[in-house]
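Asks: Quick one: the structure is below, and I'll ask about it shortly.
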Amino acid sequence: MLCEGCMERDNVSSSATMEFLLLGFSELLHLRVLLFLTFLIAHLVTLAENAMIFVAVLMEPSRPPMLFFLGQLSAVEFCYALVIVPKALLGLAAGGSAISVPGCAAQMHLFVALGGAECFLLATMAYDRYVAVCQPLRYAALMEGLGLRLALACALGAFAVALGLTVAVFRLPFCQPRRIDHFFCDVPAVLRLACARGDAAQLALMAACLLLLLLPFLLILASYLCIAVALSGTASPAGRGKAFSTCVSQLAITLLHYGCAAFVYIRPKSSYSPARDKVVSLVYTNVTPLMYPLIYSLRNKEIRGILRKMLRRKKIGELG
């Protein structure tokens with residue numbers, strides 16, 4: 001794939017000393033202040049929500065598997081927000097920001113690894129709910145002790161897939177000028193700068209999409225389908241309505257996340273649009289991390305109970 005206006009190829013060996021320029025939302029400079037404040041507030045709220053839930057889970061001595069998974073999801077979301085949003089805020093403040101090639105590679109790897117770990121965790125949490133609803137008598141035997149192993153498998157699997165994809169992308173030579181029309185080092189945006197055919201990188205991207213997006217998504221759909229079938233035949237009308245409400249809200253935010261990610265990564269190269277990609281990317285890098293604690297954690301009765309105990313301790317400490 002040739003870059004527009006590219007006159008020469010950069011040597012791969014010298015690329016480590018070069019920089020990319022993240023253009024961010026340079027076409028919306030008249031809205032820079034509004035966008036900056038909006039993203040900053042959403043970022044701070046996301047960090048506060050996830051930090052609060054993670055601390056609450058840590059303070060609970062006896063953690064059932066679902067609480068453990070919620071704590072892991074909050075930790076992943078906290079790191080995920082830190083990888084993407086601060087650099088995007090800097091770009092908004094300055095009208096664009098430079099990032100070194102190693103820094104860009106590191107950001108891409110962490111973004112893909114954390115996003116993949118999140119997808120695996122969501123699938124694991126859906127499986128946990130399936131076992132709890134459909135096989136309640138076997139729940140303790142199946143899930144006790146399995147939580148840590150599943151969390152480690154999610155992290156290591158996502159890290160390995162992300163590493164392979166990042167290496168495949170950054171083995172390509174890049175053209176001048178190195179302007180990335182995005183607010184972070186996203187895979188399609190960086191691949192647009194390659195001076196050579198990126199067949200290996202495209203194959204790596206396809207494999208990553210299958211492993212990190214499609215496979216977890218199918219597992220989530222299968223788990224919720226089994227839960228819906230089980231609830232329709234056994235639960236009382238009131239209990240069934242409450243359970244369906246929880247499942248629908250969780251499935252809705254999952255569909256939003258996977259739908260946006262699939263739109264960006266699973267599509268023909270000819271349909272690439274930087275402006276559209278940036279808007280869609282905003283959803284799964286800012287909106288869904290903000291919504292996950294509200295949908296998954298703050299509606300969980302154990303989490304609410306722990307948070308109430310934390311607030312009571314704080315009030316007692318202030319009175320004392």
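Positions of Cβ are set from backbone N, Cα and C atoms, glycine also.
Predicted automatically and left uncurated, TrEMBL annotations should be read as such.
Note that the structure is predicted; figures quoted are calculated from it, not measured.
Got these off TrEMBL a minute ago, pasting:
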type: TRANSMEM; residues: 33-59; note: transmembrane segment
type: DOMAIN; residues: 49-296; note: domain 'G-protein coupled receptors family 1 profile'
type: TRANSMEM; residues: 66-85; note: transmembrane segment
type: TRANSMEM; residues: 105-127; note: transmembrane segment
type: TRANSMEM; residues: 148-170; note: transmembrane segment
type: TRANSMEM; residues: 203-231; note: transmembrane segment
type: TRANSMEM; residues: 243-267; note: transmembrane segment
type: TRANSMEM; residues: 279-298; note: transmembrane segment
Asks: Against which stretches of its own chain does the transmembrane segment (33-59) lie, if we need a Cβ under 8 Å and a gap of at least six residues from its ends?
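Replies: Distant Cβ neighbours of the transmembrane segment (33-59) are 25, 67-68, 70-71, 74-75, 77-78, 81-82, 85-86, 88-89, 92-93, 286-287, 289-290, 292-294, 297-298, 303, 306-307, 310.
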Asks: Cβ pairs under 8 Å with the transmembrane segment (203-231): which stretch of 66-85, 105-127, 279-298 has the most?
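Replies: Ranking 66-85, 105-127, 279-298 by Cβ pairs under 8 Å to the transmembrane segment (203-231) puts 105-127 first.
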